[in-house]
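Enquirer: Next up is a structure, given as C-alpha cells.
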C-alpha cells in the first residue's frame with residue numbers, strides 16, 4: 001500500500017512585484033528592492049521547504065482560468081518567457097519547470113471519479129500563468145522540485161459561492177486521494193492574496209515603499225482578523241467567516257485555492273505559522289503555513305511509516 005502524504009500547506013501569494021524586488025537572473029526588469037517584509041516571509045517559508053524535503057509541490061493559481069473543468073498540466077517540461085499582462089514592466093521571466101505528470105494524471109482521474117469535470121493539458125508550448133510561476137519561484141527558487149499545476153475553474157464566481165467552494169472541497173479531497181496513492185510527500189500551495197482592493201496608479205519607481213500601504217481600512221482589518229484566527233488554530237471560525245471575508249474584503253481566496261488546500265489536509269484545526277504579511281499595490285498578502293510534520297500528522301523526511 002502506498003504511503004503518500006501531505007506534509008504542509010501554504011498560503012503563497014503571487015504578486016509579481018516580489019520577483020521584481022528580488023532581482024533573480026531569470027527576470028529581465030531590475031529593481032532597487034522593495035516589499036522586503038514579504039520577501040523575508042518567503043525566505044522563512046523556503047527554510048521550511050528545505051527542512052521538509054517534499055517530493056512534489058502542488059499549486060492552485062487563480063490566473064490559469066479554465067471555465068470548463070479543472071485542468072492539470074500533463075507535459076514533462078515547459079520552458080519559455082512569461083510576461084505579466086498587467087505589469088509587463090516588472091515581470092518578464094524566463095521559466096523552466098519540470099512537472100510530475102504521473103501525479104497530475106492521478107489527481108485528474110480522482111477528480112473525475114468524484115464527479116468533477118477534469119482534463120489534462122498536453123500542449124507542449126503551453127505558457128504557465130504568472131501566478132503559478134511567481135508562487136513557485138518565491139517558495140523554491142532552485143526550481144528543483146517537480147510540480148503539479150492546477151487551474152482555477154472559477155466556479156465560486158459564476159455559481160453561488162457555496163456551490164463553488166463546495167466544488168473546491170471535492171477537488172481537495174480528490175487531490176488528497178491521489179497523493180495518498182502516489183507514495184509521495186507533497187506540499188500544497190494556495191496561490192492567493194487575502195484582501196484584494198488595490199491601487200490603480202503605479203508609483204515611480206514601482207518599488208517606492210513610501211507609497212505602499214493598505215488600500216482600504218476594512219480590507220486590512222479583515223486580514224488581521226482572519227490571520228489571528230489562523231494563528232490561534234480556530235479554523236472552523238475561519239471557514240464560517242470566509243464568505244463574509246470574501247465579500248467585504250474582495251478576498252482572492254474566493255478563487256478556491258484556500259478551500260482546496262484545507263480540504264486536502266482534512267481541515268486541520270492547527271495553529272498556523274505566519275511567516276509574514278505585507279501589502280503590494282494596496283492588496284493584503286500573507287505567507288502562512290500549516291506544517292503537518294511539526295503537528296505530528298505527517299512523517300519526518302526519511303522516516304518509514
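A Cβ is built for glycine as well, from the same backbone N, Cα and C atoms used for every other residue.
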Enquirer: Out of 63, 70, 71, which does Swiss-Prot tie to the same Fe cation site as 14, 196?
Expert: 63
Enquirer: For residue 196 (Fe cation binding site), just give me the three-state DSSP call.
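Expert: In three-state terms, residue 196 (Fe cation binding site) counts as coil.
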Enquirer: Starting from the Cβ centroid of 14, 63, 196, which together make up the recorded Fe cation site, report each further residue of the same chain whose Cβ lies within 8 Å of that point, ordered by sequence.
Expert: 13, 15, 61, 62, 131, 191, 192, 193, 252, 255
